Amino acid sequence: MAKQFDVVVIGGGPGGYIAAIRASQLGFTAACIDEWKNAKGGPALGGTCTNIGCIPSKALLQSSENFEHAGKHFADHGIKVSGLSIDVAKMLARKDQVVEQNNKGIEFLFKKNKVSFFHGRGSFVKAEGGLYEIKAGEETISAKHVIVATGSNARPLPGAPFDEENILSNDGALRIQGVPKKLGLIGSGVIGLEMGSVWRRLGAEVTVLEALPTFLGTVDEQIAKEAKKAFDKQGLKIELGVKVGEVKSSKAGLSVEYTNAKGEPQKLDVDKLIVSIGRVANTIGLNPEAVGLKLDERGAVIVDDECRTNLPNVWAIGDVVRGPMLAHKAEEEGVAVAERIAGQHGHVNFNTIPWVIYTSPEIAWVGQTEQQLKAAGVAYKAGTFPFMANGRARALGDTTGMVKFLADAKSDEILGVHIVGPMASELISEAVVAMEFRASAEDIARICHAHPSLSEATKEAALAVDKRTLNF
Ligand code: FAD
Ligand code: NAI
(Lines of atoms letter the chains of each structure in order from A and count residues from 1; the text may use other names and numbers.)
(Lines give C-alpha, C1' and ligand atoms only; values in the text may rest on other atoms or scores of the structure.)
(Ligands and ions follow the chains in the order given, each with its own letter.)
Protein backbone atom coordinates (compact mmCIF):
# COMPACT_ATOMS: atom_id res chain seq x y z
CA MET A 1 0.00 0.00 0.00
CA ALA A 2 1.22 3.50 -0.87
CA LYS A 3 2.69 5.39 2.09
CA GLN A 4 0.18 8.00 3.17
CA PHE A 5 0.91 11.57 4.29
CA ASP A 6 -1.31 14.37 5.52
CA VAL A 7 0.53 16.87 3.32
CA VAL A 8 2.67 16.24 0.24
CA VAL A 9 4.51 19.16 -1.30
CA ILE A 10 5.65 18.88 -4.92
CA GLY A 11 8.73 21.07 -5.35
CA GLY A 12 11.48 21.84 -2.85
CA GLY A 13 12.14 25.52 -3.63
CA PRO A 14 11.62 28.28 -1.06
CA GLY A 15 7.85 27.91 -1.35
CA GLY A 16 7.79 24.13 -1.13
CA TYR A 17 10.40 23.37 1.50
CA ILE A 18 9.05 26.04 3.84
CA ALA A 19 5.48 24.75 3.38
CA ALA A 20 6.62 21.20 4.25
CA ILE A 21 8.44 22.37 7.37
CA ARG A 22 5.51 24.48 8.55
CA ALA A 23 3.08 21.60 7.91
CA SER A 24 5.25 19.32 10.01
CA GLN A 25 5.51 21.93 12.78
CA LEU A 26 1.71 21.99 12.84
CA GLY A 27 1.61 18.27 13.56
CA PHE A 28 0.97 16.87 10.08
CA THR A 29 2.90 14.02 8.50
CA ALA A 30 4.60 15.88 5.68
CA ALA A 31 6.60 14.92 2.62
CA CYS A 32 8.38 16.94 -0.04
CA ILE A 33 9.24 15.72 -3.53
CA ASP A 34 11.94 17.54 -5.48
CA GLU A 35 13.75 16.51 -8.63
CA TRP A 36 16.67 18.96 -8.72
CA LYS A 37 20.01 17.19 -9.18
CA ASN A 38 23.44 18.42 -8.16
CA ALA A 39 26.51 17.78 -10.32
CA LYS A 40 26.83 14.26 -8.85
CA GLY A 41 23.19 13.41 -9.47
CA GLY A 42 22.25 13.77 -5.81
CA PRO A 43 19.52 16.02 -4.42
CA ALA A 44 19.96 19.78 -4.39
CA LEU A 45 17.11 21.18 -2.34
CA GLY A 46 16.14 24.84 -2.55
CA GLY A 47 14.86 25.06 -6.13
CA THR A 48 15.64 27.86 -8.53
CA CYS A 49 16.37 30.26 -5.70
CA THR A 50 19.13 28.19 -4.12
CA ASN A 51 20.58 26.53 -7.20
CA ILE A 52 20.39 29.05 -10.06
CA GLY A 53 18.71 32.13 -8.62
CA CYS A 54 18.84 34.26 -5.49
CA ILE A 55 21.77 32.61 -3.73
CA PRO A 56 24.35 32.06 -6.51
CA SER A 57 23.57 35.45 -8.06
CA LYS A 58 24.20 37.17 -4.72
CA ALA A 59 27.44 35.21 -4.29
CA LEU A 60 28.69 36.47 -7.67
CA LEU A 61 27.43 39.98 -6.98
CA GLN A 62 29.48 39.98 -3.76
CA SER A 63 32.64 38.63 -5.46
CA SER A 64 32.41 41.11 -8.29
CA GLU A 65 31.69 43.97 -5.90
CA ASN A 66 34.77 43.07 -3.85
CA PHE A 67 36.80 43.09 -7.08
CA GLU A 68 35.44 46.48 -8.08
CA HIS A 69 36.13 47.89 -4.62
CA ALA A 70 39.70 46.62 -4.65
CA GLY A 71 40.29 48.11 -8.09
CA LYS A 72 38.41 51.38 -7.83
CA HIS A 73 37.72 52.33 -4.23
CA PHE A 74 40.45 50.91 -1.97
CA ALA A 75 42.84 53.64 -3.16
CA ASP A 76 40.56 56.27 -1.55
CA HIS A 77 41.25 54.60 1.79
CA GLY A 78 45.00 54.61 1.23
CA ILE A 79 45.03 50.91 0.46
CA LYS A 80 47.35 50.14 -2.42
CA VAL A 81 46.60 47.15 -4.60
CA SER A 82 48.83 46.03 -7.41
CA GLY A 83 48.50 43.16 -9.84
CA LEU A 84 44.77 42.84 -9.19
CA SER A 85 43.18 40.03 -11.17
CA ILE A 86 40.14 37.83 -11.03
CA ASP A 87 40.28 34.04 -10.95
CA VAL A 88 36.85 33.28 -12.40
CA ALA A 89 37.14 29.53 -11.76
CA LYS A 90 37.77 30.19 -8.06
CA MET A 91 34.92 32.69 -7.91
CA LEU A 92 32.53 30.13 -9.46
CA ALA A 93 33.79 27.40 -7.13
CA ARG A 94 33.06 29.64 -4.13
CA LYS A 95 29.58 30.32 -5.50
CA ASP A 96 29.01 26.56 -5.89
CA GLN A 97 30.14 26.03 -2.31
CA VAL A 98 27.67 28.65 -1.05
CA VAL A 99 24.91 26.88 -3.00
CA GLU A 100 25.88 23.50 -1.58
CA GLN A 101 25.87 24.84 1.99
CA ASN A 102 22.30 25.99 1.40
CA ASN A 103 21.29 22.64 -0.18
CA LYS A 104 22.68 20.77 2.81
CA GLY A 105 21.07 23.24 5.20
CA ILE A 106 17.62 22.39 3.84
CA GLU A 107 18.32 18.64 4.05
CA PHE A 108 19.23 19.19 7.71
CA LEU A 109 16.04 21.19 8.28
CA PHE A 110 13.97 18.36 6.80
CA LYS A 111 15.57 15.88 9.20
CA LYS A 112 15.14 18.24 12.14
CA ASN A 113 11.47 18.79 11.30
CA LYS A 114 10.75 15.17 10.35
CA VAL A 115 9.80 16.00 6.76
CA SER A 116 10.09 12.93 4.51
CA PHE A 117 12.01 13.76 1.36
CA PHE A 118 11.65 12.01 -2.00
CA HIS A 119 14.24 12.78 -4.66
CA GLY A 120 12.70 12.59 -8.11
CA ARG A 121 9.78 13.83 -10.10
CA GLY A 122 6.41 14.27 -8.47
CA SER A 123 3.37 13.72 -10.65
CA PHE A 124 -0.31 13.24 -10.06
CA VAL A 125 -1.57 9.69 -10.71
CA LYS A 126 -5.20 9.82 -9.60
CA ALA A 127 -7.63 11.08 -7.00
CA GLU A 128 -9.59 8.43 -5.13
CA GLY A 129 -11.43 8.16 -1.82
CA GLY A 130 -10.40 11.61 -0.64
CA LEU A 131 -6.73 10.89 -1.31
CA TYR A 132 -4.37 11.94 -4.09
CA GLU A 133 -2.02 9.30 -5.42
CA ILE A 134 1.31 10.73 -6.42
CA LYS A 135 4.35 9.29 -8.12
CA ALA A 136 7.37 10.42 -6.10
CA GLY A 137 10.44 9.43 -8.09
CA GLU A 138 10.45 5.63 -8.03
CA GLU A 139 7.84 5.38 -5.30
CA THR A 140 4.13 6.00 -5.11
CA ILE A 141 2.70 7.86 -2.14
CA SER A 142 -0.68 9.28 -1.24
CA ALA A 143 -1.78 12.52 0.36
CA LYS A 144 -4.83 14.13 1.92
CA HIS A 145 -3.50 17.56 0.94
CA VAL A 146 -1.18 18.43 -1.93
CA ILE A 147 0.75 21.68 -2.27
CA VAL A 148 2.06 22.33 -5.78
CA ALA A 149 5.23 24.42 -5.62
CA THR A 150 6.88 23.59 -8.92
CA GLY A 151 8.28 27.07 -9.61
CA SER A 152 9.15 28.64 -12.93
CA ASN A 153 11.58 28.50 -15.85
CA ALA A 154 13.32 31.21 -17.86
CA ARG A 155 11.37 32.44 -20.89
CA PRO A 156 13.38 32.02 -24.11
CA LEU A 157 13.47 34.60 -26.88
CA PRO A 158 11.38 33.36 -29.82
CA GLY A 159 13.70 31.79 -32.40
CA ALA A 160 16.70 31.78 -30.06
CA PRO A 161 16.48 28.79 -27.71
CA PHE A 162 18.88 28.60 -24.78
CA ASP A 163 21.99 26.54 -25.54
CA GLU A 164 23.61 27.64 -22.23
CA GLU A 165 26.90 28.01 -24.15
CA ASN A 166 26.30 31.24 -26.03
CA ILE A 167 22.62 32.02 -25.52
CA LEU A 168 22.22 31.86 -21.77
CA SER A 169 19.36 31.74 -19.32
CA ASN A 170 20.00 32.61 -15.68
CA ASP A 171 21.45 29.10 -15.38
CA GLY A 172 24.24 29.59 -17.94
CA ALA A 173 24.69 33.22 -16.86
CA LEU A 174 25.89 31.95 -13.48
CA ARG A 175 28.42 29.58 -15.06
CA ILE A 176 30.30 31.73 -17.60
CA GLN A 177 33.84 30.36 -17.37
CA GLY A 178 35.77 33.53 -18.13
CA VAL A 179 35.01 37.23 -18.38
CA PRO A 180 33.46 37.76 -21.83
CA LYS A 181 34.88 40.71 -23.75
CA LYS A 182 31.43 41.70 -24.94
CA LEU A 183 28.30 40.62 -23.14
CA GLY A 184 24.78 41.27 -24.38
CA LEU A 185 21.63 41.03 -22.29
CA ILE A 186 18.06 41.08 -23.52
CA GLY A 187 15.77 42.64 -20.91
CA SER A 188 16.76 45.26 -18.36
CA GLY A 189 14.67 43.75 -15.57
CA VAL A 190 15.97 42.35 -12.34
CA ILE A 191 18.16 39.59 -13.79
CA GLY A 192 19.47 41.81 -16.60
CA LEU A 193 20.65 44.43 -14.13
CA GLU A 194 22.06 42.02 -11.55
CA MET A 195 23.88 39.77 -14.04
CA GLY A 196 24.93 42.74 -16.17
CA SER A 197 26.47 44.29 -13.05
CA VAL A 198 28.41 41.15 -12.17
CA TRP A 199 30.16 40.84 -15.52
CA ARG A 200 30.63 44.58 -16.05
CA ARG A 201 32.42 44.85 -12.70
CA LEU A 202 34.74 42.05 -13.81
CA GLY A 203 35.61 43.90 -17.01
CA ALA A 204 33.07 42.89 -19.68
CA GLU A 205 31.66 45.50 -22.04
CA VAL A 206 27.96 45.10 -21.27
CA THR A 207 25.01 46.16 -23.45
CA VAL A 208 21.44 45.63 -22.28
CA LEU A 209 18.65 45.77 -24.86
CA GLU A 210 15.24 46.58 -23.39
CA ALA A 211 11.94 46.58 -25.27
CA LEU A 212 10.16 49.13 -23.09
CA PRO A 213 10.82 52.83 -23.60
CA THR A 214 11.04 53.47 -19.84
CA PHE A 215 13.71 52.14 -17.52
CA LEU A 216 12.38 49.94 -14.69
CA GLY A 217 8.79 50.92 -15.36
CA THR A 218 7.42 49.34 -12.17
CA VAL A 219 9.87 51.21 -9.94
CA ASP A 220 9.12 54.69 -8.58
CA GLU A 221 10.16 57.05 -11.41
CA GLN A 222 12.40 59.25 -9.28
CA ILE A 223 14.22 56.20 -7.92
CA ALA A 224 14.54 54.58 -11.36
CA LYS A 225 15.99 57.81 -12.74
CA GLU A 226 18.57 58.00 -9.98
CA ALA A 227 19.50 54.34 -10.50
CA LYS A 228 19.83 54.83 -14.27
CA LYS A 229 22.21 57.75 -13.69
CA ALA A 230 24.39 55.51 -11.51
CA PHE A 231 24.37 52.64 -14.03
CA ASP A 232 25.23 55.03 -16.89
CA LYS A 233 28.19 56.32 -14.86
CA GLN A 234 29.37 52.75 -14.29
CA GLY A 235 29.38 52.11 -18.03
CA LEU A 236 26.44 49.71 -18.11
CA LYS A 237 25.04 50.47 -21.55
CA ILE A 238 21.24 50.22 -21.50
CA GLU A 239 19.31 50.80 -24.74
CA LEU A 240 15.60 51.35 -24.22
CA GLY A 241 12.72 50.99 -26.66
CA VAL A 242 14.43 48.45 -28.90
CA LYS A 243 12.82 45.71 -30.95
CA VAL A 244 14.96 42.59 -30.93
CA GLY A 245 15.03 40.68 -34.21
CA GLU A 246 17.13 37.73 -35.25
CA VAL A 247 19.84 36.28 -33.05
CA LYS A 248 22.59 34.61 -35.08
CA SER A 249 24.74 32.17 -33.20
CA SER A 250 27.56 30.24 -34.84
CA LYS A 251 31.13 29.23 -34.15
CA ALA A 252 32.17 32.52 -35.77
CA GLY A 253 30.28 34.52 -33.13
CA LEU A 254 27.02 35.80 -31.87
CA SER A 255 25.06 38.76 -33.12
CA VAL A 256 21.71 40.33 -32.31
CA GLU A 257 19.81 42.31 -34.91
CA TYR A 258 17.49 44.93 -33.51
CA THR A 259 15.94 48.29 -34.23
CA ASN A 260 16.64 51.11 -31.82
CA ALA A 261 14.11 53.52 -30.34
CA LYS A 262 14.27 55.63 -33.53
CA GLY A 263 13.44 52.56 -35.62
CA GLU A 264 16.95 52.35 -37.09
CA PRO A 265 18.31 48.86 -37.77
CA GLN A 266 21.26 47.93 -35.55
CA LYS A 267 23.50 44.93 -34.93
CA LEU A 268 25.15 44.00 -31.68
CA ASP A 269 28.08 41.56 -31.79
CA VAL A 270 28.72 39.81 -28.49
CA ASP A 271 30.63 36.85 -27.08
CA LYS A 272 27.77 35.75 -24.85
CA LEU A 273 24.09 36.67 -24.70
CA ILE A 274 21.97 36.46 -21.56
CA VAL A 275 18.23 36.42 -22.21
CA SER A 276 16.34 37.71 -19.17
CA ILE A 277 12.88 38.59 -20.43
CA GLY A 278 10.84 37.12 -17.60
CA ARG A 279 9.91 33.65 -16.41
CA VAL A 280 7.10 31.20 -17.05
CA ALA A 281 5.29 28.98 -14.55
CA ASN A 282 6.51 25.37 -14.59
CA THR A 283 4.23 22.35 -14.51
CA ILE A 284 6.39 20.09 -16.66
CA GLY A 285 5.96 16.51 -15.51
CA LEU A 286 3.31 17.32 -12.92
CA ASN A 287 0.62 15.56 -14.94
CA PRO A 288 -2.17 17.93 -13.88
CA GLU A 289 -4.57 16.32 -16.40
CA ALA A 290 -4.65 13.10 -14.34
CA VAL A 291 -6.65 14.85 -11.63
CA GLY A 292 -8.13 17.76 -13.62
CA LEU A 293 -5.99 20.51 -12.07
CA LYS A 294 -6.76 23.73 -13.94
CA LEU A 295 -4.02 25.88 -15.47
CA ASP A 296 -4.43 29.29 -17.09
CA GLU A 297 -3.47 30.10 -20.69
CA ARG A 298 0.12 30.80 -19.62
CA GLY A 299 0.47 27.47 -17.85
CA ALA A 300 0.21 28.83 -14.30
CA VAL A 301 -1.90 26.92 -11.79
CA ILE A 302 -5.11 28.85 -11.21
CA VAL A 303 -5.61 29.73 -7.55
CA ASP A 304 -7.81 32.02 -5.48
CA ASP A 305 -6.53 34.61 -3.01
CA GLU A 306 -5.80 31.84 -0.53
CA CYS A 307 -3.87 29.59 -2.95
CA ARG A 308 -6.74 27.11 -3.36
CA THR A 309 -6.88 25.41 -6.78
CA ASN A 310 -10.03 24.09 -8.45
CA LEU A 311 -9.54 20.77 -6.65
CA PRO A 312 -10.42 20.07 -3.03
CA ASN A 313 -7.32 19.98 -0.79
CA VAL A 314 -4.95 20.84 -3.65
CA TRP A 315 -3.12 24.12 -3.18
CA ALA A 316 -0.48 25.91 -5.23
CA ILE A 317 2.09 28.52 -4.20
CA GLY A 318 5.09 30.53 -5.39
CA ASP A 319 6.22 31.10 -8.95
CA VAL A 320 3.77 28.57 -10.38
CA VAL A 321 0.84 30.85 -9.46
CA ARG A 322 -0.07 34.54 -9.99
CA GLY A 323 1.75 37.32 -8.20
CA PRO A 324 5.36 38.45 -7.97
CA MET A 325 7.97 35.78 -8.65
CA LEU A 326 9.93 36.26 -5.44
CA ALA A 327 11.34 33.73 -3.00
CA HIS A 328 9.91 35.47 0.07
CA LYS A 329 6.45 35.66 -1.53
CA ALA A 330 6.65 31.89 -2.18
CA GLU A 331 7.71 31.30 1.44
CA GLU A 332 4.90 33.40 2.87
CA GLU A 333 2.35 31.54 0.75
CA GLY A 334 3.86 28.22 1.88
CA VAL A 335 3.45 29.11 5.55
CA ALA A 336 -0.05 30.51 5.01
CA VAL A 337 -1.25 27.39 3.16
CA ALA A 338 0.10 25.00 5.82
CA GLU A 339 -1.70 27.09 8.44
CA ARG A 340 -4.93 27.12 6.42
CA ILE A 341 -4.77 23.32 6.15
CA ALA A 342 -4.53 23.32 9.95
CA GLY A 343 -7.69 25.45 10.12
CA GLN A 344 -5.79 28.61 11.01
CA HIS A 345 -6.01 31.99 9.29
CA GLY A 346 -2.80 32.00 7.26
CA HIS A 347 -2.19 35.48 5.91
CA VAL A 348 -0.12 37.04 3.13
CA ASN A 349 -0.24 40.80 2.71
CA PHE A 350 0.50 41.52 -0.95
CA ASN A 351 0.76 45.25 -0.19
CA THR A 352 3.82 44.76 1.97
CA ILE A 353 5.93 42.40 -0.11
CA PRO A 354 9.30 44.08 -0.54
CA TRP A 355 11.26 44.10 -3.79
CA VAL A 356 15.03 44.37 -3.95
CA ILE A 357 17.37 44.65 -6.91
CA TYR A 358 20.86 43.78 -5.69
CA THR A 359 22.82 46.08 -7.94
CA SER A 360 25.11 48.83 -6.74
CA PRO A 361 23.40 51.04 -5.74
CA GLU A 362 20.79 48.61 -4.47
CA ILE A 363 17.16 49.41 -5.28
CA ALA A 364 14.45 48.41 -2.81
CA TRP A 365 10.83 49.31 -2.36
CA VAL A 366 7.57 48.40 -0.71
CA GLY A 367 4.06 49.67 -1.34
CA GLN A 368 2.87 52.17 -3.90
CA THR A 369 4.99 54.27 -6.26
CA GLU A 370 4.34 57.97 -6.79
CA GLN A 371 3.04 57.28 -10.29
CA GLN A 372 0.60 54.65 -8.94
CA LEU A 373 -0.73 57.08 -6.32
CA LYS A 374 -1.17 59.78 -8.97
CA ALA A 375 -2.99 57.37 -11.29
CA ALA A 376 -5.29 56.30 -8.46
CA GLY A 377 -5.99 59.93 -7.51
CA VAL A 378 -4.73 59.44 -3.96
CA ALA A 379 -3.72 62.65 -2.16
CA TYR A 380 -0.22 62.05 -0.81
CA LYS A 381 2.83 63.78 0.66
CA ALA A 382 6.36 62.85 -0.43
CA GLY A 383 9.63 63.21 1.47
CA THR A 384 13.14 62.34 0.33
CA PHE A 385 16.52 62.31 2.02
CA PRO A 386 19.78 61.86 0.07
CA PHE A 387 22.54 59.54 1.33
CA MET A 388 24.91 62.41 0.50
CA ALA A 389 23.73 64.02 3.75
CA ASN A 390 24.16 60.85 5.84
CA GLY A 391 27.35 60.55 7.91
CA ARG A 392 27.57 56.76 7.75
CA ALA A 393 27.18 56.78 3.95
CA ARG A 394 30.03 59.30 3.72
CA ALA A 395 32.20 57.11 5.96
CA LEU A 396 31.35 54.13 3.78
CA GLY A 397 32.27 56.13 0.69
CA ASP A 398 28.90 55.33 -0.86
CA THR A 399 26.62 58.35 -1.01
CA THR A 400 24.61 57.54 -4.15
CA GLY A 401 20.86 57.69 -3.90
CA MET A 402 18.13 58.48 -1.45
CA VAL A 403 15.28 57.24 0.70
CA LYS A 404 11.82 58.34 -0.33
CA PHE A 405 8.63 58.19 1.72
CA LEU A 406 5.10 58.50 0.39
CA ALA A 407 2.40 59.08 2.98
CA ASP A 408 -1.32 59.74 2.86
CA ALA A 409 -1.92 63.50 2.77
CA LYS A 410 -4.56 63.35 5.49
CA SER A 411 -3.84 60.39 7.76
CA ASP A 412 -0.03 60.39 7.27
CA GLU A 413 -0.16 56.55 6.86
CA ILE A 414 2.90 55.31 4.96
CA LEU A 415 1.82 54.25 1.46
CA GLY A 416 5.20 53.43 -0.04
CA VAL A 417 8.90 53.58 0.69
CA HIS A 418 11.51 53.59 -2.06
CA ILE A 419 15.24 53.39 -1.63
CA VAL A 420 18.15 53.56 -4.04
CA GLY A 421 21.50 53.42 -2.32
CA PRO A 422 23.80 51.43 -0.03
CA MET A 423 22.23 48.48 1.82
CA ALA A 424 18.76 49.31 0.55
CA SER A 425 18.01 45.57 0.86
CA GLU A 426 18.41 45.77 4.63
CA LEU A 427 16.95 49.25 5.11
CA ILE A 428 13.67 48.34 3.45
CA SER A 429 12.76 45.96 6.29
CA GLU A 430 11.99 48.86 8.61
CA ALA A 431 9.53 50.20 6.06
CA VAL A 432 7.92 46.76 5.64
CA VAL A 433 7.41 46.47 9.40
CA ALA A 434 6.07 50.01 9.57
CA MET A 435 3.59 49.42 6.74
CA GLU A 436 2.53 46.04 8.13
CA PHE A 437 1.60 47.86 11.36
CA ARG A 438 0.02 50.69 9.35
CA ALA A 439 2.40 53.23 10.86
CA SER A 440 2.43 56.88 9.90
CA ALA A 441 5.50 58.75 8.62
CA GLU A 442 5.41 60.61 11.94
CA ASP A 443 5.80 57.27 13.79
CA ILE A 444 9.10 56.58 12.00
CA ALA A 445 10.20 60.19 12.41
CA ARG A 446 9.75 59.93 16.20
CA ILE A 447 11.67 56.64 16.62
CA CYS A 448 15.28 56.83 17.81
CA HIS A 449 17.67 55.52 15.11
CA ALA A 450 21.30 54.65 15.90
CA HIS A 451 23.94 57.17 14.90
CA PRO A 452 25.80 56.95 12.64
CA SER A 453 23.75 54.55 10.55
CA LEU A 454 22.23 54.44 7.10
CA SER A 455 18.86 53.97 8.79
CA GLU A 456 18.98 57.61 9.85
CA ALA A 457 18.26 58.40 6.20
CA THR A 458 14.98 56.51 6.64
CA LYS A 459 14.07 58.58 9.69
CA GLU A 460 15.04 61.78 7.88
CA ALA A 461 12.98 60.86 4.80
CA ALA A 462 10.01 60.33 7.15
CA LEU A 463 10.69 63.79 8.61
CA ALA A 464 10.93 65.16 5.06
CA VAL A 465 7.29 64.19 4.49
CA ASP A 466 6.41 67.15 6.70
CA LYS A 467 9.33 69.24 5.46
CA ARG A 468 11.26 69.12 8.71
CA THR A 469 14.50 67.25 8.00
CA LEU A 470 17.16 67.97 10.59
CA ASN A 471 20.29 67.14 8.62
CA PHE A 472 19.49 68.46 5.15
P1 FAD B 1 11.38 27.18 -7.35
O2 FAD B 1 12.43 27.81 -6.53
O3 FAD B 1 11.50 27.29 -8.82
O4 FAD B 1 11.38 25.64 -6.95
C5 FAD B 1 10.62 24.70 -7.60
C6 FAD B 1 11.24 23.34 -7.36
O7 FAD B 1 10.33 22.36 -7.80
C8 FAD B 1 12.53 23.10 -8.12
O9 FAD B 1 13.48 22.51 -7.29
C10 FAD B 1 12.12 22.13 -9.22
O11 FAD B 1 13.16 21.24 -9.60
C12 FAD B 1 11.03 21.36 -8.50
N13 FAD B 1 10.05 20.72 -9.39
C14 FAD B 1 9.36 21.26 -10.40
N15 FAD B 1 8.50 20.36 -10.92
C16 FAD B 1 8.67 19.24 -10.20
C17 FAD B 1 8.07 17.96 -10.24
N18 FAD B 1 7.08 17.68 -11.09
N19 FAD B 1 8.50 17.04 -9.37
C20 FAD B 1 9.48 17.31 -8.48
N21 FAD B 1 10.06 18.49 -8.39
C22 FAD B 1 9.66 19.44 -9.23
N23 FAD B 1 13.77 36.05 -5.61
C24 FAD B 1 13.99 36.79 -4.50
O25 FAD B 1 13.09 36.93 -3.69
N26 FAD B 1 15.20 37.37 -4.27
C27 FAD B 1 16.24 37.25 -5.13
O28 FAD B 1 17.32 37.79 -4.89
C29 FAD B 1 16.04 36.50 -6.30
N30 FAD B 1 17.03 36.34 -7.19
C31 FAD B 1 16.81 35.60 -8.32
C32 FAD B 1 17.85 35.47 -9.23
C33 FAD B 1 17.65 34.74 -10.38
C34 FAD B 1 18.79 34.63 -11.37
C35 FAD B 1 16.41 34.09 -10.60
C36 FAD B 1 16.20 33.25 -11.82
C37 FAD B 1 15.39 34.20 -9.70
C38 FAD B 1 15.58 34.96 -8.55
N39 FAD B 1 14.55 35.13 -7.62
C40 FAD B 1 14.77 35.90 -6.51
C41 FAD B 1 13.25 34.51 -7.80
C42 FAD B 1 13.16 33.22 -6.96
O43 FAD B 1 14.20 32.36 -7.33
C44 FAD B 1 11.82 32.54 -7.16
O45 FAD B 1 10.78 33.46 -6.94
C46 FAD B 1 11.67 31.38 -6.21
O47 FAD B 1 12.68 30.43 -6.41
C48 FAD B 1 10.31 30.71 -6.36
O49 FAD B 1 10.20 29.68 -5.46
P50 FAD B 1 9.28 28.41 -5.73
O51 FAD B 1 9.40 27.57 -4.51
O52 FAD B 1 7.96 28.86 -6.17
O53 FAD B 1 9.93 27.67 -6.99
P1 NAI C 1 11.77 40.89 -15.41
O2 NAI C 1 10.32 40.74 -15.58
O3 NAI C 1 12.30 41.47 -14.16
O4 NAI C 1 12.37 41.75 -16.61
C5 NAI C 1 12.21 41.38 -17.93
C6 NAI C 1 12.50 42.57 -18.80
O7 NAI C 1 12.62 42.13 -20.13
C8 NAI C 1 11.40 43.62 -18.77
O9 NAI C 1 11.96 44.89 -18.56
C10 NAI C 1 10.75 43.49 -20.14
O11 NAI C 1 10.22 44.71 -20.61
C12 NAI C 1 11.92 43.03 -20.97
N13 NAI C 1 11.56 42.30 -22.18
C14 NAI C 1 10.58 41.39 -22.34
N15 NAI C 1 10.58 40.90 -23.60
C16 NAI C 1 11.60 41.53 -24.25
C17 NAI C 1 12.12 41.44 -25.57
N18 NAI C 1 11.60 40.61 -26.47
N19 NAI C 1 13.15 42.24 -25.89
C20 NAI C 1 13.70 43.09 -24.99
N21 NAI C 1 13.24 43.21 -23.72
C22 NAI C 1 12.21 42.41 -23.35
O23 NAI C 1 12.36 39.42 -15.66
P24 NAI C 1 13.78 38.78 -15.39
O25 NAI C 1 14.83 39.81 -15.25
O26 NAI C 1 13.92 37.73 -16.41
O27 NAI C 1 13.58 38.11 -14.00
C28 NAI C 1 12.51 37.19 -13.79
C29 NAI C 1 11.97 37.30 -12.42
O30 NAI C 1 12.85 36.67 -11.50
C31 NAI C 1 11.83 38.72 -11.90
O32 NAI C 1 10.66 39.32 -12.34
C33 NAI C 1 11.78 38.47 -10.44
O34 NAI C 1 10.50 38.09 -10.09
C35 NAI C 1 12.74 37.30 -10.26
N36 NAI C 1 14.05 37.80 -9.83
C37 NAI C 1 14.13 38.48 -8.66
C38 NAI C 1 15.33 38.99 -8.22
C39 NAI C 1 15.37 39.75 -6.96
O40 NAI C 1 14.41 39.72 -6.22
N41 NAI C 1 16.45 40.47 -6.67
C42 NAI C 1 16.56 38.80 -8.99
C43 NAI C 1 16.34 38.13 -10.24
C44 NAI C 1 15.13 37.63 -10.61
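Note: Cβ is positioned from N, Cα and C throughout, glycine not excepted.
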Annotated companion of G187, S188, G189, V190, I191, G192, L193, E194, G278 at the NAD(+) site, TrEMBL, chosen from E205, E210, E264, E297: E210
Rounded Cα-Cα span from C54 (disulfide bond) to I191 (NAD(+) binding site), Å: 10
Recorded positions whose CB lies under 6 angstroms from ligand 1, from C49, G187, G189, I191, E210: C49, I191
Top Cα neighbour of T150 (FAD binding site) in the set of recorded positions C49, G189, E210: C49
Recorded positions whose CB lies under 6 angstroms from ligand 2, from C49, K58, T150, I191, E210: I191, E210
Cβ contacts of L193 (NAD(+) binding site) (under 8 Å, same chain, 6 or more positions away): V208, F231, L236, I357, T359
Candidates C54, G187, G189, E210, H451 (recorded positions) with Cα within 10 Å of S152 (FAD binding site): none
Proximal residue to A327 (FAD binding site) among recorded positions C54, G189, H451 (C-alpha distance): C54
Helix, strand and coil counts within the domain 'Pyridine nucleotide-disulphide oxidoreductase dimerisation' (353-462) (DSSP): 42 helix, 33 strand, 35 coil
